Amino acid sequence: MSDKTPNGTNKRKKPTPSPTPRPGVQLWVLAGLLVFMFGVMFVSNINQPAKINQQKFEQMLAAGDVGKITLVNEKEVDLSLTPAALAKSQYATELVRKSPFGVSGDAHFYFPIVDAKLFQENLDQLQKATPLPQRLALNIESREGLSDFIGKWGLLALLVVGFIFMMKRMGGAGGPGGQIFSIGKSRAALFEGGDKVKITFKDVAGLEEAKEEVQEIVEFLKNPSKFTVLGGKIPKGALLVGPPGTGKTLLAKAVAGEADVPFFSLSGSDFVEMFVGVGAARVRDLFKQAKAKAPCIIFIDEIDAVGRSRSKGNMPGGNDERENTLNSLLVEMDGFGTDSGVIILAATNRPDTLDSALLRPGRFDRQISIDKPDINGRTQIFQVHLKPLTLGPDVDARKLSAQTPGFAGAEIANVCNEAALIAARRDKKFITNQDFTDAIDRVIGGLEKKNKIISPSEKRIVAYHEAGHAIVGWFLEHCDPLVKVSIVPRGVAALGYAQYLPKEQFLYNTEQLIDEMCMALGGRAAEELVFGKISTGALSDLERITKMAYSIVTMYGMNSKLGNVSYYDSKGQNEYGFSKPYSEATSQMIDEEVRTIIEQAYVRTKELLNERRHELEVIAKELLEKEVLLQDDLERLVGKRPYGGQTNYQAHMAGTDRSETAGELINEHAGTTIGSDLPDLHLPGLDTGNGPSEAAAPSGSAVAGV
Ligand SMILES: Nc1ncnc2c1ncn2[C@@H]1O[C@H](COP(=O)(O)OP(=O)(O)OP(=O)(O)O)[C@@H](O)[C@H]1O
Ligand SMILES: [Zn+2]
C-alpha cells in the first residue's frame, strides 16, 4: 500500500506515542546521580591526608611534630600535626597542595600499616627510645572513609544505572527515554489535534450494513444528549468481527473521523508484557487517558490476545497475567457510565475464542460482522484505491473485481499498489489493464518463476493434474466452475493452480461436500489414469480431502455409521476433560469411515475422468501450449457447463446486476477459491451464529500445490 492512499491508513505506523509521560524524568535522575558522585570525589580529594611512609613518620615523631596518632580501621595510621609544626615550612607545600582553600587547621598525614599489633609494639619502643616531652597515646578509631563510601554507593549507583538501561532495552518500542517509569502506561497511539483521523465513511467502500450499525455510534459521539435525554443507553463497545484485511481498522478510524473525536489505537498484544500486573496497569492507564479525552474512541485490534476465554483446564498460574489483564479490562468497562463518552471498538477474527464475559451486555454487546466483499463490494473498493492512480483507458474496476474473487480490501489495496509498481518498472506513463492482471497473479501466487526449470515430463504431469481438477469441476453439479487454470510455476511450492468461483453458501449438504472432494481428487486421478502412476504433487489436495472427510464424520454428523454425533469442540476448552471423548472402537470406526468416503470419492472421480478422457486430453494439451486457460477457453474446448444458469459473476460482467435485486443475487457465485481451495468446512452452525472461526467464504489467497 503506498502511503498516498486516499485513506492513508497504515495502521502499523503509530504516529504519536504521545501519552508517554515526561520522557526526561529518568535522565534527570541520572544526571543528578552523576553530579553527586563527582561532588563526593572532589570533596574527598580536598580533605585527603597526604601519604607518607614509616620512615618519615619516625622522623616526624622524633622531631616532636606529631600531635595525635590515630589507628584507623587497623589498616592505616592518621597523624595530626602539633600547632607548632603547622608553622614549619617543610610541611607547608604539602598542606597547600592538599588544600586549595588554604585551610590548614587540621592537616593530616597518613601511612598504611600491615599489622596493627606490630605497629603498637613498634610505637611503644619508638617512644621509649626517643626522649619526648610527653608520650602520645594511640587513639584507635574505626572510620568510614570516603573511599569506602564511594566504593559502596558507587556500586549501588552502577546497579541502578544498569537496571535503568536494562528496562529500556526490555521495554521495546515506546516513547523516547525508556520504560522504567512508563511500563505500566498504555501503549495506545493517540490520534488527535494535528494527527486527527481524517478517514471518513466515504473512504470505506462497501460494508454498507456495518456502516449503518456504527452510524449510531457516530451520532452518539457527536450529540450524546440526544440519546440520553430519552433514557436510552448507548452500547459501550462494539466488536468488529471479520477475516483479516477486510477493513475493521479502517471502519473504526472512519467512526472517529466522522465523529471528529480523538482515536486511541492499540493492539491486544500491547497489553501483554513479561511482568505480572503490567497488563492490568496498562488497561487502567488507557481508560484514565481516554476518560480525560472524552468523547473519544478506543480501538483494540486483535483483542483475542487478551480476551481469550479463561479456560478451565489451565495449569494453576498458567495464564494468570493475561487473565488479570482481561479482568481489569472487564472492570474498567463496567466502571464507566454509558454517558462518559468513551466508546470501545475491538476487532477480532476469532469471536468464538473470546471469553463470554467480554460479550455480555454492557461490554461488547454488539457484534458487527465485516465479511469479505462480494463482487460489487470489490468494485467499490477498487474505485477507492484506483482514484489516486494514473490509469490507462482500459482499466475498469468492474473487470478487476471479477478477476479477484475472494480478495479482501487489503489485498485489493495491495493489487493496486503492485500494479503501479509494475507499470513504473516498465517505464509506462500510466497503468494499464495488463499491469493489473500481472499484479493480481502476483498477489495470488507470488512471483512468477520464469526461470524455474521444469522438465517437459514434469510439465506434462502438472498439465494433466490441473486439467483433471478442471474437468471434474466442470462436469460435477455441485462443484464451483473454474475461472482460470495455470501451469506457470509460481511462488515457492506451487507448480500450477486452478482458481474457482465458489458459491457464497453457508450450508452444505453431503452431495455437495462429496462433489468438492471429487474435484480435489481430480488431479491425482488424472495422473493415475494418464500415466499409470501417481506423483507427490497432490499433497495439498490430499490434505484438504482428509480434513474434509474427518469433518464429515466427526464434526457434522453426516456419516450413517457414527450417526448424529459431533466431537467438535467449539470453545476449544476440552470440555470433556479427557483428550478423546470416544472409545478406541469408535476411533477405529472413524478411521475406517474416513477411508471409505475418500475411496468412494476416488473411484467416482476416476470413472468420471474415464468417461471424459477425451476432454481431459484436450484441456491438458491446450494447457501445455498456452499455460493459462480461462473459463471462456474451457467453454470453447469442452462446451458449456451442463449446470447452472447465469451466475452472479456473469451477470456482473454483463452489467445486468445493477438492478434493485443485486443484493439478492448473492446466493449465486461470488468470491473465489484458488487451487481447488475448498471450503474449509468450518461453517457456522445455524443456531449459535458464533460458529467456528473460518467463515464459510473460502479464502482467496491460498494456492494449491499442483
Ligand atoms: N472496505 C474497504 N474500503 C477501502 N479500503 C479497504 C477496505 N477494506 C480494506 N481496505 C484496505 O485494506 C487496508 C487494511 O485494512 P484494515 O487494516 O482495516 O484491515 P483489518 O480488517 O483491520 O485487518 P486485520 O484483521 O489484519 O487487523 C486498509 O488500510 C485499506 O487500504
Ligand atoms: Zn491439485
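Just so it is clear, glycine is given a Cβ too, placed from its N, Cα and C backbone atoms.
Curation does not apply to TrEMBL; its annotations are automatic.
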From 333-366, 435-468, 571-604, 673-706, the residue range that TrEMBL assigns the feature region 'Disordered': 673-706
HIS465, HIS469 bind Zn(2+) per TrEMBL; candidate in ASP394, ASP396, ASP541 listed for that same site: ASP541
Cβ packing number for GLY245 (ATP binding site), 10 Å threshold: 19
Entries of PRO244, GLY245, THR249, HIS465, HIS469 (binding-site residues) sitting next to ligand 1, with Cβ under 6 Å as the cut-off: PRO244, GLY245, THR249
Residues among the recorded positions GLY245, THR246, GLY247, LYS248, GLU466, ASP541 that border ligand 2 - Cβ under 6 angstroms, in sequence order: ASP541
THR246 (ATP binding site) CB neighbourhood, other CB atoms within 10 A: 27
Extra residues within 8 Å (Cβ to Cβ centroid of GLY242, PRO243, PRO244, GLY245, THR246, GLY247, LYS248, THR249), ATP: LEU240, ALA347, ASN349, ILE370, ALA408, GLY409, ALA410
CB contacts for GLY247 (ATP binding site) [other CB atoms within 10 A, all chains]: 29
Secondary-structure category, per DSSP, in which HIS465 (Zn(2+) binding site) falls: helix
